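Heads up, the thing below is written out as structure tokens.
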Amino acid sequence: MCSPFSATYWRRGSTDLSSTPLLSSKRRSSQLRSINEQDVASYDRESDSFRAFSSFGEILSLSRPHDEQEKRPSCWRKLNLLCKSNAGLALTTLSGIFFALASLFVKLSNTTIPAFEIIFVRLFLQTIFVLPPAIYAGANVIGEKKQRIFLTLFGAFNFLSISSVYGAFTLLPLGDATVFISTTPVFTGLLAYFILKESWRKTDAASSFLCLVGIILITRPTFIFGSSNSRSHMTETHRLIGYVVASLGAIIQSATFIMVRSLDKSISFYTNVFYFGWCSALLSGISMFIFQNPVIPDCGKARWYMLSVAIFGVLGSLSLNRGLQLENAAPAALMRNVDILFAFVFDVVFFEEQPHPLTVIGGLIVCIATTSVVITKMWRARERVEL
């Protein structure tokens, strides 16, 4: 008589099984903790309890206490869910660091390269650099036919956003332009709430406004703190145009975040970065020859600095677009603003600039605002795991 736990035993026909006399309950034993293929244990062969098992190991697994089975996976599951729930925030924060590094190399280059030429070089190289990883990942960089018009508009909006930002920096003092552009998280939260129906909780709104207060203290804009020297060469009309351009830059940048969130989830973030690159490179190249005189960078460090600008710009774009696919638009836009904080840190470290006391206070406020977003997100994820 073969063991009831062997494959041969259960492959026997139903007639053979039914012809075997039932065993009495006294002869039924359940010593599952010591069962092996050679055990001669007697069980009711008509019972369905063993027919549901697919393997001998599955039978042995049921001999372990239920609490012991779930204890270890539960801890890892909680940690895994917490990491996944904050992946979008981590990527958008990382994008801010990459963009700050790109700005650092622009400043290190210390050249008279026109703005449109810098945009053209960076985004032309971005288009080239993004192709190898996209092909390796099997991404369809040109997208489906029905999506290409929207993706092209997405690339054009990114060019308008970059142009507005550069224009604001040329028309306004650095602090004024930075503050207006830093209102992006507020516009993003409002647009996401009304268009995408995404939640914009009170904590997210409070963190956005708190971050804006910190940026105001860091940049100390002239329209709040005043500076007669910086305004002496600027007319009221000139300054008003600068404020309008900076505000448009913030609104258009918010619109690009909403466009990423509204795209089909099947579209790879490589596709977003590719369209951003080639559309902006094309438009900036045309603008460069119409509005500015292109120059050839010196053969020294300037070219390496420009290459570094392109590399960190690509990494920032990849991180930002992937982060926006994983995270709601409002908190993602807020975490993207950390580039302003890192820009001032780089000024202190690399250019030995002495920070103003208000700059230090503003930096701490920005850190508190961004950290509160992460802590709130982790708390919500923990509550979902415990449920």
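Glycine residues also receive a Cβ, built from the backbone N, Cα and C atoms like all the rest.
Note that the structure is a prediction, hence the values are computed from the model and not measured.
Annotated domain 'EamA' per TrEMBL: 88-219 (among others), in sequence order.
Marked as domain 'EamA' by TrEMBL: 241-372 (among others).
Counting residues 6+ beyond its ends, the transmembrane segment (87-106) has Cβ neighbours under 8 Å at 118, 122, 305-306, 308-309, 312-313, 315-320, 322-328, 331-333, 335-340, 342-343, 346, 350, 370, 373-374, 377 in the same chain. What TrEMBL records for 87-106 (among others) is transmembrane segment.
Under the heading transmembrane segment, TrEMBL lists 118-137 (among others).
The transmembrane segment annotation in TrEMBL covers 149-171 (among others).
Look at TrEMBL and you will find 177-196 (among others) tagged as transmembrane segment.
Feature annotation from TrEMBL assigns transmembrane segment to 208-228 (among others).
According to TrEMBL, the feature transmembrane segment maps to 240-260 (among others). Here the transmembrane segment (240-260) has long-range neighbours at 150, 153-154, 157-158, 160-161, 164-165, 167-168, 171-172, 176-177, 180-184, 187-188, 191-192, 195-196, 272, 321, 324-325, 329, 332-333, meaning same-chain residues at least 6 beyond its ends whose C-beta is under 8 angstroms from one of its own.
Within its own chain, the transmembrane segment (272-291) has Cβ neighbours under 8 Å at 114, 116-117, 119-120, 123-124, 126-127, 130-131, 134, 141-143, 151-152, 154-156, 158-159, 162-163, 260, 263, 314, 317-318, 321, counting only residues six or more beyond its boundaries. The transmembrane segment annotation in TrEMBL covers 272-291 (among others).
Annotation source TrEMBL lists transmembrane segment at 303-321 (among others).
According to TrEMBL, the transmembrane segment annotation covers 333-351 (among others).
Residues or ranges marked as transmembrane segment by TrEMBL: 357-375 (among others).
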Candidate ranges 118-137, 177-196, 208-228, 303-321, 333-351 - greatest C-beta contact count to the transmembrane segment (149-171) (under 8 angstroms): 177-196
Interface-richest range of 177-196, 208-228, 303-321, 333-351, 357-375 toward the transmembrane segment (118-137), CB pairs under 8 Å: 303-321
Region pair the transmembrane segment (177-196) / the transmembrane segment (303-321), three or more CB pairs under 8 Å: no
Maximum Cβ pairs under 8 Å to the transmembrane segment (357-375) - stretch from the list 208-228, 303-321, 333-351: 208-228
Mean of the pLDDT scores, which run from 0 to 100, over the domain 'EamA' (88-219): 87
